[in-house]
Amino acid sequence: MLGRGLRDSSSRGAPTSKYEKLSPSHFTPCTITASEPNGPNSRLITISIPPKYSDIQVERPYTPLEGIDAQGQMRFWIKKYPGGEVGRWLHSKKVGDEIEIRGPLQTWFWKDDDAWDEVVMISGGTGITPFYQLYHEIISQKVSPKTRFTLLHSSRSPSELPPPEIMQLLFSYAEEHPERFRLRVFVDSLGSNARAYQQSYTPVKYDGEQFIAMDVPFRKLTGVKTLFSVCGLELMVTAISGPYGRNFSQGPVKVVLADLGATSNQVYKL
């Protein structure tokens, strides 16, 4: 969790410690080592973690793209929303500025076993970050050959897609390992100034039924152990899998995934 001077009620009163191990109970000062714009309202921000914290794993509310690297650094893809106070604040920071973080806060634990035949990851906007972390740590490394992963990602325009270095890596892996990983990217409109990738986008209007049913080749879930994981803005999550429950608990499975026959044991809302 990245912090600033104004904190929400869940973290109000959490102290700052420069010397203790990184923890959800306090904020730890870290230094921004890179901040690069990659779209009209998003940035790749790299922060430096002290070496003694290099064994941690961190997740939401801002999910590192690859975890902590050998140099003790983490990268975040952070979008600036009009009502997003911390995102706007982070966009205003410069290289060398100090921010505070606390964590890790684990939201979903991947079990490296044969629990699933298919894992379908559905993301919108910066909701791709936990799935990119899963790709970096699990999919591209060692995973059961039985499990096949599909990533369905949507953005409003090409300029709002993840940085090219991320998308190109995913596209390349999908081409090299079609038996393990499948990728589909959706945008509302290509526009006249679309960034050039070797692969083409799928310029369709966002529609939950079409988004999944046309592009996931396992609409009949009987006999296939399929997990759907959804991450994005709350409006998108609700349209795909139904609303969250109280206090952002999972809630019932509804709408598109329910129509496909998915049960609460097959759907996880990040």
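Every residue gets a Cβ built from N, Cα and C, even glycine.
Keep in mind that what you see is a predicted model, and the values were worked out from it rather than measured.
Listed in TrEMBL for this protein:
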BINDING   ARG60, PRO61, TYR62, LYS79, VAL86, THR129  FAD binding site
COMPBIAS  1-10  compositional bias 'Basic and acidic residues'
COMPBIAS  25-41  compositional bias 'Polar residues'
DOMAIN    121-240  domain 'Oxidoreductase FAD/NAD(P)-binding'
REGION    1-41  region 'Disordered'
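Recorded features from TrEMBL, shown on the structure.
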residue : record           : Cβ within 10 Å
PRO61   : FAD binding site : 10
TYR62   : FAD binding site : 20
LYS79   : FAD binding site : 17
VAL86   : FAD binding site : 20
THR129  : FAD binding site : 25
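Secondary structure at VAL86 (FAD binding site), as computed by DSSP, is helix. THR129 (FAD binding site) carries a helical DSSP state (H, G or I). Secondary structure at LYS79 (FAD binding site), taken from DSSP and collapsed to helix, strand or coil, is strand.
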